[in-house]
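Q: Got a structure here, written out as structure tokens. Questions coming.
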Amino acid sequence: MAPVPPGIRFLASFNRDQWYRAFTFSLTFLLYTSFHLSRKPISIVKVTCVYVCMYVYKSNYKQLLGAMDYSFLCAYAVGMFLSGIIGERLPIRLYLTFGMLMSGLFTCLFGLGYIYSIHSLGFYIFVQVANGLVQTTGWPSVVTCIGNWFGKGRRGLIMGIWNSHTSVGNILGSLIAGYWVSSNWGLSFIVPGLIIAAMGIICFLFLIEHPNDLRSIHAVQNPQKLTKNWNGTNGHKQLYHSYKQGDKYENWDTELLLPQDNSSVSVPVQQVVVVKSESEPSAISFMGALRIPGVIEFSLCLLFAKLVSYTFLFWLPLYITKTAHLDAKKAGDLSTLFDVGGIVGGILAGVISDKLGKRATTCAVMLLLAAPILYGFSMISEFGLGPTIGMLLVCGGLVNGPYALITTAVAADLGTHKSLKGNARALSTVTAIIDGTGSVGAAIGPLLAGVLSSQGWDQVFYMLMAADFLALLWNDIYWIFQTFLTNQKRKNWPCKIIQPP
């Protein structure tokens, strides 16, 4: 007999639950990659739209382009607060599928505006608002799903790797949009729109929301073994049926009112069933989620951190074009290095926070280091290509690292906080509150960039540095408050207190 190949031995070492977990990880990664892939084209095409706006709207093109960004992000911010509450009460798979199909539709509509020569600003703003609303279905859904499958162990590392879908989507979106930006920029939107719609269909067919959803499949594949016992039990000469469920008994919604052991259990034909009286925990309210310690502080921290990140997302290609004097495609390709740095930064933030057990401290250090890099960006025109590439990578890591950590591991930690007493139906709402508040900053940042850039790009980077320090401030407020509570507990109770994160 030939030896088993090492690759097959490696694959066989994983059990069924681990394969399902890996599948859910990969699927949700690809699903949210398609969301960011469909958002990125506007920043690439913006360079081409400048000339159209200058021709149609004369000198106000920067404010008008900022208004298009603002319409999407403002709708996204408002919709996010409602999306988490709705998502807690609907099947995640269906809710996410609907959002992806509608997002694909509106993304394609934006591109069709070019093909059919639509020059109405109202049309594009309507499409942006509608797209912003339906895209809010994505984040609370995928974070809830990944939180259901992965526990707190190494959550920072796992979600740091998983959250790289944001940067991967931005990179793919830049490359796809850049391919058609100079020839037919309508396709820069239509192709990503078709991709996210196709992923919505895949979501409907394959997404498993929770490990418990597999129970019905396993129950069909492993039906109860049924045998007959003609000798009777406990002295009763009557027909009995013996039930045995696999190698062990599972804890289902109904249980036989009999003791269970490792052998077949004999029960009368007229079985007695007890129904559990515990009701399923209700979804948490909006105000209840706000009372979870750390939700408000990290929400406001993310507001300013996301302001910086999304200003780069929407304005970096145009900034590179104006200061480095590159064409739209080269500027779009170069801007992807910011997202490459974001991938590394998100993973490093997760690993460090897991190692130290202090998520707030990790965010504080990265936010502090980001400030001088942001200042250096204001002088990018004085650097050569090499230093510019290095600065893009480092800045991407330091800006997106805290943003990634807060929206994933921190949100999951707070959504399963001990104050909830085991109620798992808070994760989507907590995630939506944190990301919704952050999206307010994401809406304000590009709008301010559109206004301030008319006075010089230096003003934009001063605004970004101020936002970075405010994010650091709110992060430190949480850390100081938790340290104060820890010290008070130490004075009152002579027991071991866990250090604040």
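Glycine is treated like the rest: Cβ placed from N, Cα and C.
Fair warning: this is a prediction, and the values are worked out from it, not measured in the lab.
According to TrEMBL, the protein carries these features:
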- 27-483: domain 'Major facilitator superfamily (MFS) profile' (DOMAIN)
- 19-35: transmembrane segment (TRANSMEM)
- 70-87: transmembrane segment (TRANSMEM)
- 94-117: transmembrane segment (TRANSMEM)
- 162-181: transmembrane segment (TRANSMEM)
- 187-208: transmembrane segment (TRANSMEM)
- 295-316: transmembrane segment (TRANSMEM)
- 336-353: transmembrane segment (TRANSMEM)
- 360-377: transmembrane segment (TRANSMEM)
- 389-414: transmembrane segment (TRANSMEM)
- 426-448: transmembrane segment (TRANSMEM)
- 460-481: transmembrane segment (TRANSMEM)
Q: Check the transmembrane segment (187-208) against the transmembrane segment (460-481) for contact, please; criterion is three or more CB pairs under 8 Å, pairs 6 or more apart in sequence.
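A: No, since the transmembrane segment (187-208) and the transmembrane segment (460-481) share fewer than 3 Cβ pairs closer than 8 Å, they do not count as touching.
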Q: Have the transmembrane segment (70-87) and the transmembrane segment (389-414) got at least three CB pairs under 8 Å, pairs 6 or more apart in sequence?
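A: In this chain the transmembrane segment (70-87) does not contact the transmembrane segment (389-414) - fewer than 3 Cβ pairs sit under 8 Å.
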Q: With the transmembrane segment (389-414) as the reference, find which of 94-117, 162-181, 336-353, 460-481 contributes the most Cβ pairs under 8 Å.
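A: Most Cβ pairs under 8 Å with the transmembrane segment (389-414) come from 336-353.
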Q: Quick check for me: are there 3+ Cβ pairs below 8 Å between the transmembrane segment (460-481) and the transmembrane segment (295-316), leaving out pairs under 6 residues apart?
A: yes
Q: Which range out of 19-35, 295-316, 336-353, 360-377, 426-448 gives the transmembrane segment (94-117) the most CB pairs under 8 Å?
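A: When the Cβ pairs under 8 Å are tallied, 19-35 comes out ahead.
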Q: Count, for each of 162-181, 336-353, 426-448, the Cβ pairs lying under 8 Å from the transmembrane segment (19-35), and report the range with the highest count.
A: 162-181
Q: With a cut-off of 8 Å between Cβ atoms, can you find at least three pairs linking the transmembrane segment (336-353) to the transmembrane segment (426-448)? Only pairs 6 or more residues apart in sequence count.
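A: Result for the transmembrane segment (336-353) with the transmembrane segment (426-448) is no.
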Q: Using a Cβ cut-off of under 8 Å, list the residues of the same chain at least 6 residues beyond the transmembrane segment (162-181) that approach it.
A: 25, 28-30, 32-41, 43-45, 47-48, 146, 187-189, 191-192, 313, 317, 328-329, 332-333, 335-336, 339-340, 342-343, 346-347, 350, 396, 400, 404, 407-408
